[in-house]
Amino acid sequence: MKLVTLFVYKSPKSPNTKTSPVQHEFHSHIFHWTQVGKLSLGVMLPSLAIMGVACALGALITFYLLPSLTPMFIHAQLFGHDLSKVQGRQIRTPESMGVITGCVFLVLTIVLIPVSFSDYFSLAHKAAFPHAELVKVLAALLSIACMLLLGFADDVLDLRWRHKLLLPSLASLPLLMVYYVLFDGTVIVVPVILRPLLGANIDLGLLYYLYMGLLAVFCTNAINILAGINGLEVGQSIVMAASILVFNVGEMDGSLGHYHRFSMYFLLPYLATSLPLLFYNWYPASMFVGDTFCYYSGMTLAVVAILGHFSKTLLLFFMPQIFNFLYSVPQLFHMVPCPRHRLPAFNAETDRVQMSLSVFKQQDLRFWGRWILYVFRMARVIHYREFVKEEEVWVECNNMTLINLVLRICGPMHEQTLTIVLLVFQVFCSVLAFFIRYPLAYLFYGEIIA
């Protein structure tokens, strides 16, 4: 394990200028973070050069492979119609194309395994072979491959929600077993304000493994429920992966640097194979990514966070997805009637998308549904209207997704504009995540933690 590289921070102010301990520690860490990022690139230059060539090759293969396989998917009846286009119902658009990027990603990462461990192939270094690192890579690939298979099965067989919750749990088992054998770290740091009551640390034991299993399930489904417009699924995944990559580069020469290099081993090929898919899925989309891409992307991000020991930081980058999930809970758990699809509605006359509505009888609402709708109305985060039809009271409200909420606040807009607005919000949340991860975390914990 490499030791932490220490840097002495000197303020540009005059010697008589005094800074508080919090300011000094924060400035020291930011200086260390910046310098570490620069030095890490130099130290890792040969490996990054090989990785760069491999990723560029993977991106080119994906770029040319996606359109060439389009007829095969359409012939296999794997196509859909873009309902947010004037002529969308007449055009057959191939879907589930995320399986192509996923397969190229798997091949790329598998081919890079011998390259990554080539220094240990000689007899002189064979005894020092890092078997634990190889096990981590293989377990990660197994979990990602399982989710790629599940996503494609969902696109083909249209699985039920209970299967979508159960199968990711099973796919995460290899991940959790490797974590238990190699690390078994279940201790969390308590915020400073609570330490007089709870102590500095709490050992969660099995609850921590439950948390990691639920994290894998959440990540695989969170991207899938914030979807439905051109470029959004791939765009949000790329923003989150790029944000984690920036975080990894900054921490690469720290005491946990080898974990962040492990994360980069997966994120660089992931970004390389996802960017061509974004090109084809951007408005007007010539192909759909399908549930395959959403599931495999979520598991990839969960894998690098769990085995990279920054699962709490990952949740910061998932802030829009967490909000979308919480906002969707009333419909997902049928406290409020939920239609089969909650995509925004398309107005062919204006070529704009607008919030989609759910209409149901008031008597179909149970106590919790009535209470939640009341709270949402008071918070002004929902469109709500009651009307009488056939001597019965009916309720009209927007479908509870972040997409429809943005349309309610901003009004109808072009689909491409809506995607850009949502991705800008994702980038803003990533910037906010870094602020929480460093200066704000120091105030709460007295130290910068994973």
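Residue numbers in this text run from 1 along the chain shown.
Here the Cβ of each residue, glycine as well, is placed from N, Cα and C on the backbone.
Whatever TrEMBL says is automated annotation, not expert-curated.
Straight from TrEMBL, the features:
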- 43-66: transmembrane segment (TRANSMEM)
- 99-122: transmembrane segment (TRANSMEM)
- 134-153: transmembrane segment (TRANSMEM)
- 173-194: transmembrane segment (TRANSMEM)
- 206-228: transmembrane segment (TRANSMEM)
- 234-250: transmembrane segment (TRANSMEM)
- 262-283: transmembrane segment (TRANSMEM)
- 295-318: transmembrane segment (TRANSMEM)
- 358-399: domain 'DPAGT1 insertion' (DOMAIN)
- 417-436: transmembrane segment (TRANSMEM)
Please work out the helix, strand and coil residue numbers for the domain 'DPAGT1 insertion' (358-399) from the DSSP assignment. 15 helix, 17 strand, 10 coil
The transmembrane segment (134-153) and the transmembrane segment (234-250) contact flag, 3+ Cβ pairs under 8 angstroms: no
For the transmembrane segment (234-250), sequence-distant contacts whose Cβ falls under 8 Å of one of its Cβ atoms, 6 or more beyond its ends: 33-34, 36-37, 40-41, 223, 226, 260-261, 263-264, 267-268, 270-271, 274-275, 277-278, 281, 289, 293-294, 297, 300-301, 304-305, 308, 310, 313-314, 317-318, 320-321, 419, 422-423, 426-427, 430, 433-434, 437
Spell out yes or no: are there three or more C-beta pairs under 8 angstroms between the transmembrane segment (206-228) and the transmembrane segment (173-194), with each pair 6 or more apart in sequence? yes
Can you name the far-off residues of the same chain, 6+ from the ends of the domain 'DPAGT1 insertion' (358-399), with a Cβ under 8 Å from a Cβ of it? 327, 330-331, 335-339, 342, 405, 407-408
Near the transmembrane segment (173-194), which same-chain residues lie under 8 Å Cβ to Cβ, leaving out any that are not at least 6 residues past its ends? 132, 135-136, 139-140, 142-143, 200-209, 212-213, 216, 302-303, 306-307, 309, 444-447, 449
Could you pull the average pLDDT for the domain 'DPAGT1 insertion' (358-399)? 93
